[in-house]
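Comments concern the structure below.
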Amino acid sequence: MGNNGLTPQELVAYGITDTVEVVHNPDYDMLFKEETQPGLAGYERGIVTESGAVAVDTGIFTGRSPKDKYLVRDETTRDTLWWSDQGKGKNDNQPLTQETWQSLKSLVTRQLSGKRLFVVDTWCGANPDSRLSVRFITEVAWQAHFVKNMFIRPDDASLASFKPDFVVMNGAKCTNPDWQSQGLHSENFVAFNLTEKIQLIGGTWYGGEMKKGLFAIMNYLLPLKGIASMHCSANVGADGDVAVFFGLSGTGKTTLSTDPQRQLIGDDEHGWDDDGVFNFEGGCYAKTIKLSPQAEPEIYQAIRRDALLENVVVRHDGSVDYDDGSKTENTRVSYPIYHIDNIVKPVSKAGHAKKVIFLTADAFGVLPPVSRLTADQTQYHFLSGFTAKLAGTERGVTEPTPTFSACFGAAFLTLHPTQYAEVLVKRMQAAGAEAWLVNTGWNGSGKRISLKETRAIINAILSGEIAHAQTSTLPIFNLEMPDSLPGVDGKLLDPRNSYPSEAAWEEKARALAQRFITNFDKFTDTPAGEALVQAGPKL
């Protein structure tokens with residue numbers, strides 16, 4: 001289905017004039033034809049790979065640009081939003097004046113005027129009560145394809161009466177010449193106005209700005225209604241038992257929730273309301289670096305016609321070298337969720353979660369592969385949002401870089417982190433849910449915990465088998481760890497066993513504990529935060 005009646009005249013309301021043609025809600029075949037046209041140049045051009053998926057490049061931006069993110073500070077947002085210039089914690093919510101907003105808006109509308117435009121109408125949020133109707137406007141076919149993959153695709157009847165709650169205008173080709181005099185970070189911008197309900201994009205072609213932009217908006221609207229808004233994946237077992245997996249990029253959200261034994265609800269963004277857990281999205285956005293059909297068969301098989309690859313290296317014969325990270329380590333693929341066989345249908349939602357899993361990839365080798373959290377520890381580790389990356393291996397630099405990202409998604413939070421923690425804990429308590437901290441990273445041997453062992457741990461949590469295990473307490477962090485689990489080498493479960501001596505582990509543990517303590521200081525500006533210090537590591 002192509003144009004279903006949006007006229008160039010109707011775009012004038014957004015400030016876009018002289019539109020040559022509106023390609024409204026194109027179907028996948030039309031998008032495929034448009035994005036692979038021989039006449040396209042530069043980053044607009046898509047290449048057909050051997051699987052049938054189209055590959056595109058996003059240019060110098062191969063990830064989000066958090067320093068170029070702004071929100072208009074006005075009556076709507078002044079007292080509710082978590083601003084970068086308030087309180088102890090640092091964040092990316094930089095305030096923008098109404099005047100600068102107008103200037104950015106006219107840059108984008110000028111860029112989009114006089115063009116042939118793609119307009120895609122979508123839903124963000126699987127629950128009709130709280131979903132947003134979002135309209136995307138772009139001049140680039142593959143960007144229209146990206147949002148069609150990633151958001152929920154309304155049926156024809158809903159499209160016929162579609163009225164957007166929020167509009168995203170993507171002007172990737174335009175940049176802001178006045179950024180210095182306006183006191184902005186660069187010529188590129190991702191700007192939001194919660195009063196006008198518009199997102200503007202300029203200078204960056206990265207698809208994820210549209211996906212995560214809407215996540216930031218949902219993260220503002222839902223908790224204010226008492227609905228948890230979560231950076232997590234989610235799945236459900238045959239008995240209707242729901243699990244959610246929180247974690248930062250690269251910790252295993254997509255991989256671990258895509259499980260042949262369980263139905264996928266979604267891989268990245270969810271809400272939790274009075275009915276249960278629901279997906280915000282209609283697609284998945286998986287990392288593809290070092291992807292193999294052996295380790296991740298479901299994701300590998302999802303890469304076919306209608307999937308969209310980003311920044312991968314395509315060989316002359318159309319095959320993809322997933323091991324090649326020369327453009328970026330953040331190579332990605334977006335695909336509609338139904339490319340995974342085992343999903344919740346027809347709507348990506350299920351009941352209340354009974355298991356909440358925090359994924360961390362601890363490159364320091366200190367934390368156990370799995371531990372059970374008390375209610376206070378749950379809030380503490382949720383607010384800490386710890387993971388650690390191994391630095392580049394050049395010149396022998398292997399010192400890990402710790403990342404503390406509140407709620408396992410600080411980059412996307414628009415309210416104070418404690419608001420998300422409070423809503424989550426309320427939902428967990430009402431559902432009688434348990435929380436587990438799972439380390440998918442390293443131990444003292446310098447080897448990463450294998451995916452096979454992590455899956456065995458997750459299976460033990462989901463089956464309830466882990467509840468019967470004898471436990472020990474890890475000192476300093478005071479974490480309760482099982483002594484044995486089926487399918488897991490017992491020695492692995494206590495990180496101290498992977499060190500030459502307990503003292504060697506303790507030295508590393510003290511250093512990491514200090515980082516936790518220093519990081520958590522920013523939450524002690526509220527009585528609730530101050531009270532949680534007790535649940536953290538103690539030196």
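For all residues, glycine too, the Cβ spot is worked out from N, Cα and C.
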>> If I go by Swiss-Prot, which of Arg305, Arg315, Arg332, Arg372 binds substrate at the same site as Arg64, Tyr206, Lys212?
In response: Arg332
>> Using only what Swiss-Prot says about Mn(2+) binding by Lys212, His231, identify which of Asp178, Asp267, Asp268 is listed for that site too.
In response: Asp268
>> Give me the CA-CA distance between Lys212 (substrate binding site) and Gly247 (ATP binding site), in Å, as a whole number.
In response: 15
> Which residues, same chain and not among Lys212, His231, Asp268, have a CB within 8 angstroms of the centroid of the CB atoms at the recorded Mn(2+) site?
Replying inline: Lys211, Phe215, Glu269, Gly409, Phe412
> Between the binding-site residues Arg64, Tyr206, Asp268, Arg332, which lies closest to Thr255 (ATP binding site), Cα to Cα?
Replying inline: Asp268
>> Which binding-site residues are spatial neighbours of Gly247 (ATP binding site) here, meaning Cα within 10 Å, out of His231, Asp268, Arg332?
In response: His231, Asp268
> Around Tyr206 (substrate binding site), which residues of its chain at least 6 apart sit with Cβ under 8 Å of its Cβ?
Replying inline: Thr58, Phe61, Thr62, Gly63, Arg64, Ser65
> Within 8 Å of the Cβ centre of Arg64, Tyr206, Lys212, Arg332, which other residues of the chain have their Cβ, at the recorded substrate site?
Replying inline: Gly63, Gly207, Gly208, Glu209, Lys211, Tyr285, Asn330
> Given Ile449 (ATP binding site) and Arg332 (substrate binding site), what distance in Å do their CA atoms have, once rounded to a whole number?
Replying inline: 23
> Hey, of Thr251, Lys253, Arg332, which of those binding-site residues are within 10 Å of Asp268 (Mn(2+) binding site), Cα to Cα?
Replying inline: Lys253
